[in-house]
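Asks: Per TrEMBL, the feature GTP binding site maps to Gly15, Leu16, Asp17, Ser18, Ala19, Gly20, Lys21, Ser22, Gly62, Asn118, Lys119, Lys120, Asp121. Residues or ranges marked as Mg(2+) binding site in TrEMBL: Ser22, Thr39.
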Amino acid sequence: MGQSYSAAPQVILMGLDSAGKSTLLARLLTGEVMETSPTIGFNVGTLDLDKKTSLTVWDVGGQKCMRPNWRYYLDDCKALVFVVDSSDRARMPEAQKALKKVLSDEKLRGIPLMVLANKKDLAGSMTIREISNQLDLQAHSDRLWEVQACSALRGLGLQQAFFSVNKLIKKS
Ligand code: G3D
């Protein structure tokens, strides 16, 4: 666990329930996930990309993202990472709606978006293009966005994705 949450840029992890956020955070932080108290209900950890670069990653939950208090975490948010289950076509409209709602928050104006197309290990998972279309990402021309495929379960593509998140933060 890093020494200070406030020193590293804050990244918020969101997505529908079962998208794979907890698995992803646990994998990314290699066992360093800190469970916050049930009243807060969020997981947080610091990801060290290299000796000089760290990101503080907050998992604010799936259903929980609709709770009023998650908005307080947006104050210092430098990037939003939205996780989708790329094998679940049926829930893409719901994911699209949730993403649109989150991005409409004034506090997130202009901040970059990384969509993680998780569960790429599953046969028949959607392509990046399909996911971009389903989430209507072209509509978000007012911010930098990117989609990357990963498998939280297998630990594939995660480190690369967060290096890209860091690049997006620097560019924006
Ligand atoms: P959440 O925190 O977004 O709600 P979880 O999601 O991390 O709890 O994951 C939900 C389920 O998806 C879990 O399975 C988990 O193992 C699985 N999962 C997460 N990431 C991947 C992945 O990359 N590939 C595959 N195949 N499965 C994944 P269970 O069975 O425990 O519900």
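Each residue's number is its place along the chain shown, starting with 1.
From the backbone N, Cα and C atoms, a Cβ is placed for every residue, glycine too.
A description of the local structural setting of each listed feature is requested, covering burial, neighbours and distances.
Replies: Around Lys21 (GTP binding site), a 10 Å sphere centred on its CB holds 26 further CB atoms from the protein chains shown.
Secondary structure at Ser22 (Mg(2+) binding site), taken from DSSP and collapsed to helix, strand or coil, is helix.
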Asks: What are the non-local neighbours of Asp121 (GTP binding site), defined as same-chain residues 6+ apart in sequence with CB under 8 A from its CB?
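Replies: For Asp121 (GTP binding site), the qualifying residues are Ser151, Leu153, Arg154, Leu156.
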